[in-house]
Amino acid sequence: MTWDVLNIVGTIAFAASGALVAMEEEFDFLGVLVLGLATAFGGGIIRNLLIGIPVSTVWEQDILLTIAVVTMCFVFILPAKWINLYWMRFGNLFDAIGLSAFAIQGAMFAQQMGHPVIAAMVAAAMTGTGGGIIRDILARRKPLVLRKDIYAVWAMGAGFAIGIGYPQKPFPLYALFASVVIIRMVSTRYKWRLPYRSL
Amino acid sequence: MTWDVLNIVGTIAFAASGALVAMEEEFDFLGVLVLGLATAFGGGIIRNLLIGIPVSTVWEQDILLTIAVVTMCFVFILPAKWINLYWMRFGNLFDAIGLSAFAIQGAMFAQQMGHPVIAAMVAAAMTGTGGGIIRDILARRKPLVLRKDIYAVWAMGAGFAIGIGYPQKPFPLYALFASVVIIRMVSTRYKWRLPYRSL
Amino acid sequence: MTWDVLNIVGTIAFAASGALVAMEEEFDFLGVLVLGLATAFGGGIIRNLLIGIPVSTVWEQDILLTIAVVTMCFVFILPAKWINLYWMRFGNLFDAIGLSAFAIQGAMFAQQMGHPVIAAMVAAAMTGTGGGIIRDILARRKPLVLRKDIYAVWAMGAGFAIGIGYPQKPFPLYALFASVVIIRMVSTRYKWRLPYRSL
């Protein structure tokens, strides 16, 4: 139940972020739909592909698909002032919730399919960040997450925990979820970056 | 039978468009082959993936594969004057035929797999336009269809019709096919665009 | 056994090339990991998808995955002087070994699945070069192999040979492997290019 709510919040956040990037790039309304859907569902689709769940299960999520489409229509007509006001303030939190919920789910799927720990880590990172990478490629941007955002690392941390046998019961999972959200917000606040090295 | 002809025309149009983009981007002959094949078959491959048809069925279409390769070789050696003359004049019509035939087929596949209406719409749009999106990404262009071309909408309209139970018999399907071609040509002629909004 | 060694050399070469491109593009350490893994395993994943092998078999290659990760960590901390010195000198040879080993393997998989000759050719080219194409897309570069590198052609040649029934026994396969490596090195040395034509 609570899990469903987190999923919905994550889907809204990711659909909105795809829609906003599409508008920044002057895509038309179709582009808004495509980028929004790709951001919200693309990571899960690639995850399913990699861990061996039929990709077509995406169509069973009709409620999430509908919520994503409604979100994008809403963002498309929202006054620019509100977008600046609310997205800037709460967008990061929404995004962190989506990342955390999606990453934990992704890792659980990989673990249930009997794959090794590295698969749980990649599944977590892919579910949490793959949609954003597809969004950036379609918008012809360099994928943000690969360049200066530390957040895939927290997803992989959650994936590692689940891969080595973290208890998959409500309370421990909520604790893990909250930890990822908090550490993600802290790392945004203090602009933590991964080490990088340019040649 | 007639359906086969439409499929062949669509494959030729899409393979030629991929080959021409590759040549505009100064790709070599391999790039011409890859972009042509990706444009002609990429949309169907992603569609199969999304609706749960084995992707490897692509290899059963040997005749279409051969036609695509022959088309690309032909385009590669065609005098530039002829390209300008004929592609500019008939390219749009060919393209509209490919879009329409591919979209209707894609939606029928999705509907036969028992997926909801939205799947038929996405399958139609993906089969009709996915190849072009892959082509644009490989050529490092912003995907045209997401920015200023209304044509995916007609594909989705056909997908919607089939998803809600449009009769899948020869005559009604030809009528639907012709409608999509005509409305696509009209929208090109009058440069219709979807609403867009930039931030 | 020998085959395993070739596979390992190829994986190291491809992982290192992904890591180096990531560093050239100022990606962070996560970007280095993602580009390295995508280059080393992306081609095989797409190949599996196209010829109908479950994509999730990638997780059974734990040793190769570990080798790839170790390679990338190593490249990340290597002094720039050594990179210039050794990669420039031996990088091409490593890369040719990876291309050749991966292409021959890819074609053998396609052939064993009972697909036609063109599938063996595409599988060879995809296994050998698909990872590099994904790497270039993620790094927002125009895919090198589509523009001015002849090497996919040698992969397709090997694929053709295997598709039409080249004997799949150790000695003939090593001969084929060596031929592809040598012709690839020769074509790099003399800067052979495929014909191209710009509009």
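Backbone N, Cα and C atoms are what each Cβ position is placed from, and that goes for glycine too.
Database features (TrEMBL):
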type: DOMAIN; residues: C:5-78; note: domain 'Glycine transporter'
type: DOMAIN; residues: C:93-162; note: domain 'Glycine transporter'
type: TRANSMEM; residues: C:6-23; note: transmembrane segment
type: TRANSMEM; residues: C:30-51; note: transmembrane segment
type: TRANSMEM; residues: C:63-80; note: transmembrane segment
type: TRANSMEM; residues: C:117-138; note: transmembrane segment
type: TRANSMEM; residues: C:150-167; note: transmembrane segment
type: TRANSMEM; residues: C:173-192; note: transmembrane segment
Contact set, same chain, for the transmembrane segment (C:173-192): CB under 8 Å, 6 or more residues outside the stretch: 2-3, 6, 92-93, 96-97, 99-101, 103-104, 150-151, 154-155, 157-158, 161-162, 166-167
Sequence-remote partners of the transmembrane segment (C:117-138) [C-beta within less than 8 Å, at least six residues beyond its ends]: 14, 17-18, 21, 34-35, 38-44, 46-47, 50-51, 98-100, 102-107, 109-111, 144-146, 151-152, 155-156, 158-160, 162-164
Tally of DSSP helical, extended and coil residues in the domain 'Glycine transporter' (C:93-162): 58 helix, 0 strand, 12 coil
